[in-house]
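Down below is the structure, laid out as structure tokens.
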Amino acid sequence: PNSIVFSFTGGDFSPFAIDQINGIITVGTHLDADSDNVRENGGLYVFTVTATEVPPNGSIATYNPNNQSSTQVSITETDVNDNPPVFTERNFTAVVLENTPSGVPITTTSAIEVYDRDQGINSRFWVYLEKDGVPYLDFDTIPKQNSVIQGRSTITIRVVNSSVLDYETTKTIIFKIIARENNTDPNISKSSEATVILEIEDTNDNNPYFPSQQTVFNVSEDALIGHVIANITATDDDSGDFGQIIFSLEDSGHNGEFNISEGGQIQVAQPLDREQSSLYSLSVVAADSPSAPTSQRRRSTLHIEISVTDVNDHAPVWTQFIPYISILESTIIGTEITEMRAIDLD
């Protein structure tokens, strides 16, 4: 019999090679069922193989088309689980207001995308959150943690425990989001992870408070206008403008005898007279956020007393006085002649 030569003569045979002598088809290059081109064709390669009879001492030029036979070959490339689920970025960041309520989704600067290039059941995976090597339950995901995802998904993180969002306690929260193949054997299931960084943004959630301090003060009634009676202090745990404090006096308890600077310095504003009023009960208000509208400020009140001390600023005044008195020379010793009365306002 004459020799036969085998060859590809049509179709998509690019990943394969054929032995011209024995017709054995082999894989000629790396196969990837997950490539876009293969996916478009469903993993199917269809091509034509032609067997050509070679005449004795013949050459290609003398081949007779009538001595050829062709057949169509179909090869389906099936997927194997050779890809882990992958996040589109290694780090995802977000700014979160402290005390954000539970259930509220967090918007990251870029969407949390995760995908597995495998096909069918090989592309199934689930996601979960982890911190310091243990499950992290202060936040949850949508889709929910440990629910099966196939192919690709956008993950949203939402708040579960709003108490961890406290700027005064923690300014940054860092944890892992992990995607693991839907396989119960951790030794063979593939996985990947990304880091989630949450920057906590301060809100005005703390009232000013007065440290333990003196609340009763003395001032001499002859103190000059501008005399400093006390320096009031207060603290606010918030940051920035939220933590700045200005002071004021409520109108009750005085008639303008005192004022207070925004920094908390109480001063004499009008002449004092102990004989008119010896004790004042004042209410000092500490308010935060000086640049905010008054309605948006948080405030606290401290009640203090100012006692006006006396000075010797009044001479005695006669209240009963008879300048001229006549008595008999026979008046007995010890006889009451008259009564003199005087008072001193000091």
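Cβ atoms are placed via backbone N, Cα and C, with glycine included.
Keep in mind the model is a prediction, meaning the values are calculated, not measured.
TrEMBL annotations:
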DOMAIN    4-87  domain 'Cadherin'
DOMAIN    88-210  domain 'Cadherin'
DOMAIN    211-318  domain 'Cadherin'
Summary of DSSP states over the domain 'Cadherin' (88-210), given as helix, strand and coil counts: 7 helix, 59 strand, 57 coil
Secondary structure composition of the domain 'Cadherin' (4-87) [DSSP: H/G/I, E/B, coil]: 11 helix, 36 strand, 37 coil
DSSP helix/strand/coil residue counts for the domain 'Cadherin' (211-318): 7 helix, 45 strand, 56 coil
